[in-house]
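See structure below.
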Amino acid sequence: MIMTESRAVIHLEPPAETSQEQADLLIVKVEEEDCSWMQGYNRPVLETFYQRFKHFQYHEAAGPRDALSQLRVLCCEWLRPELHTKEQILELLVLEQFLTILPEEFQAWVREHHPESGEEAVAVIESIQRELEERRQQIATSPEVLPQKMVPPGATQESFSHQCLPVEAQPERESQNLLEENALPVLQVSSVPLKDSQELTDSLLSDGPQKLVKTEDVADVAVSFILEEWAHLDQSQKSLGRDSRKEDCESTTPVDYEPKEGNLEFTVQQVSDAADPHWVAAERTEKNGVQRPESGEVSDLKDMVPRWQVNPTSGNPRQKRPLRSGPDVNRKQKSNGERGHRCGDCGKFFLQASNFIQHRRIHTGEKPFKCGECGKSYNQRVHLTQHQRVHTGEKPYKCQVCGKAFRVSSHLVQHHSVHSGERPYGCNECGKSFGRHSHLIEHLKRHFREKSQRCSDRRSKNTKLNIKQIPGLSEADLELSGEVQRNACQAEGHSEGCEHQDGQQGVVMKETLGQSSSKRTDCNEFSYVHKKSSPGERPHQCNECGKSFIQSAHLIQHRRIHTGEKPFRCEECGKSYNQRVHLTQHHRVHTGEKPYACHLCGKAFRVRSHLVQHQSVHSRERPFKCNECGKGFGRRSHLAGHLRLHSRDKSHQCHECGEIFFQYVSLLEHQVLHVGQKSEKNGICEEAYSWNLTVIKDKKLELQEQPYQCDSCGKAFSYSSDLIQHYRTHSAEKPQKCDACRDSTCQCPHIKQQQKSCPSGKSHQCNECGRGFSLKSHLSQHQRIHTGEKPLQCKECGMSFSWSCSLFKHLRSHERTDP
């Protein structure tokens, strides 16, 4: 509905006791306003779906099954489970039940505001209660306010014309001011002498079945009158009432407004405060409509929208008094055609009062929602609800792919990108994509640091001469110099606020011209990196090793390396870690969770980096290349090992075959191949040993630390797995046998792989005997029993064997027989 300035003038026929002359004095001025400010909200649509679901009848369906299916469809249209979360659906159900249990005088009022949450509904009711309480207090403290409001203080005793003048007869300027300032239906009394107007006031106060003797009764009557009338209003009138409450202030007359003689105005609320409500109600029921003098149309008495504001007179102008006063509240006026709440601190605009109240807590620091467990406070109830799940352990948002649960729905959305491989956040500079927005922000900071470094290098070359020292240089030349410098930066794609443009020349120019250096504008939200520190600067430095970091959080994590602090402890096994992400990865060892699955072969991993390394197996990609020989590798660790070949450190070399090793232990393991050669003297133990497995193991024990010691015999081991296996010799537990050779004392790599794998997961089965194996390689070795294959041969005697462990045992027999 388009806002118009039309006004309807309605005669009110008084009771039989009043004279026809007094009936001609009452004129109602109604302003038609726009009632579409709530359009576009989802709440009215949801209300429609709710009413359809609530009022569905059984006879509307073809049968019980059809009725049940239609109810399900209507319920889904109302609750929208595919769009709304579980919390939103619960909030909607609680809101509908809350509106149902409200008193009847509040239900219609609150529903017309279309609250979207229980908090908004409570805010509307509290606002109504505060306004009603203010009206009671105002009437209780000023009993004489009613007669004074109805008589203008500046009126004279002159005799006026007794003719009823329509509102259109008023001067144009005064009519326009009233339309703009007073969005109220006004009872206007024209051409009434002061004496007659006083008689009219006394008549209104005295007529009716009962007389008002207490000001408290007047306030109660006003409240009951308002709530009764609200239920009988049409949509446009209710919207008009909402707009007046949304403005939260009383109507005022402009300061320059001076009423003409014979022009006495007072609002409907003054009549409802002064007159008996039963008279008003009876008059409404008896008179269904009254004649408009200019159009002849019939209008109901209920078209008068009850208001609580008072229309002041020229003798006592009053300013608007907002119900929620404060310097931070700045509302948009009706002249702009907008209604809402604007924050006085940051300028943000909100249509709903509840959103504005939540936003104000950011500036005030108010946190009304407190956790009863730990005492933490939050400014929104939803944040408290999410925090309480930390204490209860509730994780309602579960991934349907891997079963992982989360406390917050946004974390589940981010987790879905792990399975889908989606990277929606792309960098406009290099085209690289990321799965999370925070990762994109960190990546963009690197680009800005690179640009800052280029600007710094360019500035160091071009700003060695201070242009302020050049004699005869005018202000125009300074401006031209700065413009040239800015164009050079813009040509390279730098932001407007880069340090190069506001470098030494720019500062000198601004100081010379007396301009402020605060006019720097940035074209990107991440350009604060320029302002925060100089290009390439790492302000956070470690006092122990001197390493620098850009962010203080990284420095805190780094210091834990020196202090040995490990604040993140596993409750299952007691292990501690210095970073939370490491603890999260460790938890997956206990839970068996492997959220990172390969979409090609289905293999899952606990850590994302392991999945990335695994994917190079399918793609045959070798991103890590050697700069010396050009050889590529799929893993960085493999490249690091290869680079040692090109280094000068080649001290560990096999004297038999010439192969080079960078670790002495690797050389010892390699020399097992040469066990058939003559024995050498052990330089570490000063004893003569043959090059067999015993010597190699003893040398490894001497070269390495042995922190794991047996409590029974005192034997020490380098690895915890060796200690666990040693414990079996003291206990009655039988050690696990090798799947290939069925030997419990076997130390070949097969038994180690077998111990790591799950015993129950033997997916590879032998077709001959039905025996199962956890690894396919074990099955291949086992099948040599049925086929009789012996691929391993002794070079000394030519004897063949099926397994490598059997060959090692045979080689030891040759060592004992050697002289």
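Glycine is treated like the rest: Cβ placed from N, Cα and C.
As annotated by Swiss-Prot, domain 'SCAN box' applies to 51-132, with the evidence given as sequence analysis.
Positions annotated as SUMO2 cross-link by Swiss-Prot: K214 (among others).
Annotation source Swiss-Prot lists domain 'KRAB' at 216-287, citing sequence analysis.
Among the features that Swiss-Prot reports, region 'Disordered' is placed at 236-263 (among others).
What Swiss-Prot lists as compositional bias 'Basic and acidic residues' is 240-249 (among others).
The SUMO2 cross-link feature in Swiss-Prot is assigned to K246 (among others); the stated evidence is similarity to another entry.
The annotation region 'Disordered' is assigned in Swiss-Prot to 283-340 (among others).
The feature SUMO2 cross-link is assigned by Swiss-Prot to K302 (among others).
Among the features that Swiss-Prot reports, compositional bias 'Basic and acidic residues' is placed at 329-340 (among others).
Taken from Swiss-Prot, the feature zinc finger covers 341-363 (among others), and the record attributes it to sequence analysis.
As annotated by Swiss-Prot, zinc finger applies to 369-391 (among others), with the evidence given as sequence analysis. Taking DSSP states H, G and I as helix and E and B as strand, the zinc finger (369-391) has 11 helix, 4 strand, 8 coil.
Residues in the zinc finger (397-419) partition by DSSP class (helix H, G, I; strand E, B; coil) as 11 helix, 4 strand, 8 coil. Taken from Swiss-Prot, the feature zinc finger covers 397-419 (among others), and the record attributes it to sequence analysis.
Model confidence over the zinc finger (425-447) stands at 84, taken as the mean pLDDT rounded to a whole number. What Swiss-Prot lists as zinc finger is 425-447 (among others).
Among residues of the same chain six or more beyond the zinc finger (540-562), those with a C-beta under 8 A of the stretch's C-beta atoms are 445, 578-579. What Swiss-Prot lists as zinc finger is 540-562 (among others), and the listing cites sequence analysis.
Positions annotated as zinc finger by Swiss-Prot: 568-590 (among others). Residues 557, 560-561, 606-607 of the same chain lie 6+ residues outside the zinc finger (568-590) yet bring a C-beta within less than 8 angstroms of a C-beta in it.
According to Swiss-Prot, the feature zinc finger maps to 596-618 (among others), an assignment based on sequence analysis.
In this view, K776 (SUMO2 cross-link) is surrounded by 10 other Cβ atoms within 10 Å of its Cβ, with every protein chain counted. When Cβ-Cβ distances under 8 Å to the zinc finger (596-618) are tallied for each of 397-419, 425-447, 708-730, 764-786, 792-814, the top count falls to 397-419. For the recorded site, K776 (SUMO2 cross-link), the DSSP three-state label reads helix.
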